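What Swiss-Prot annotates here:
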- 1-25: topological domain 'Cytoplasmic' (TOPO_DOM)
- 26-46: transmembrane segment (TRANSMEM)
- 47-59: topological domain 'Lumenal' (TOPO_DOM)
- 60-80: transmembrane segment (TRANSMEM)
- 81-94: topological domain 'Cytoplasmic' (TOPO_DOM)
- 95-115: transmembrane segment (TRANSMEM)
- 116-156: topological domain 'Lumenal' (TOPO_DOM)
- H156: active site (ACT_SITE)
- 157-177: transmembrane segment (TRANSMEM)
- 178-190: topological domain 'Cytoplasmic' (TOPO_DOM)
- 191-211: transmembrane segment (TRANSMEM)
- 212-223: topological domain 'Lumenal' (TOPO_DOM)
- H212: active site (ACT_SITE)
- 224-244: transmembrane segment (TRANSMEM)
- 245-252: topological domain 'Cytoplasmic' (TOPO_DOM)
Amino acid sequence: MAAAVAGSLVDKLVCLWRQPYTRIYLPHLFFCISLVGSVLKNAELVPESYFSSSRNVLNLYFVKVSWGWTIVLLLPFIAYSNFYIKSHMFALRRLTSLLVATLVWYICTETFFYIEDITGSCYESNTMVVIRGEFDTKAACRKAGFFWDGFDISGHSFILSYSSLVIMEEMVPMLHIQPAYRNPPLDCLYLALNVIVAIWIWMFGCTSVYFHDIIDKILGTSCGILGWYMTYKVWYVKLFSPGLPPQPKQHT
């Protein structure tokens, strides 16, 4: 019974993702959410809610470790779906895309931290009247109980858009596997990935309407989209790369 319900949900999700506009317009959706959310935030049109606090459950247990969730779910899905369709060697090659994605995530987040450190100052409080010059990094300042003010590119906007787009690309094999050849483990992984994407998009929207300035969010979102584009649309189509997930023409 449970397997039948899962299979039915997978069929509906596959139909959704098969629509060309779903995958084509997802990057545009993130930009639109950032812009509209920022306008709403500046106009103070969105009331405070549970999600306006950074202590909400989704932020604490999902977004704060978002890359961990992405890797934990994508690793078995890529291995299983790519091996199921192609071969061991193809699956191993495709798994290197997770190493590349992790490198992109690490470089971008560390760069954001560095920029915030070199552009910021430590203050005794958020009134930013008394400066504490003995602290030259955000980490040291915050550890001492003070307030750091620097150019804070939105890491949430980056990681949530980037993770969603990477997952979108890696779920492509499910669009072309006939239902008769699927199995419960693969269906469950696919459902979990779709749930995670839904959470990422929702929390991306919450970030847009409750946190950061517009430039912080646009830069973070741009980095996420650029990281996805330069890998999946530029590098992975070339021979010496992790390659793309199995595409429609590869399924016979």
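Including glycine, each Cβ sits where the backbone N, Cα and C put it.
Nonlocal intrachain contacts for the transmembrane segment (26-46), taken as residues 6+ away from its ends with a CB within less than 8 angstroms of a stretch CB, comprise 157, 161, 164-165, 168, 201, 204-205, 207-210, 213-214, 217-218, 221, 224-225, 228-229. DSSP assigns H156 (active site) to a helix. Other Cβ atoms within 10 Å of the Cβ of H212 (active site), summed over all protein chains shown, number 22. Simply put, out of 60-80, 157-177, 191-211, 157-177 has the most Cβ pairs sitting under 8 Å from the transmembrane segment (224-244). Summed and averaged per residue, pLDDT over the topological domain 'Cytoplasmic' (245-252) gives 63. Beyond its flanks by at least six residues, the transmembrane segment (191-211) meets 6, 9-10, 13, 29-30, 33-34, 36-38, 40-41, 46, 51-52, 54, 58-59, 62-63, 66, 69-70, 73-74, 77, 154, 156-157, 160-161, 163-164, 167-168, 170-171, 217 of its own chain at Cβ-Cβ distances under 8 Å.
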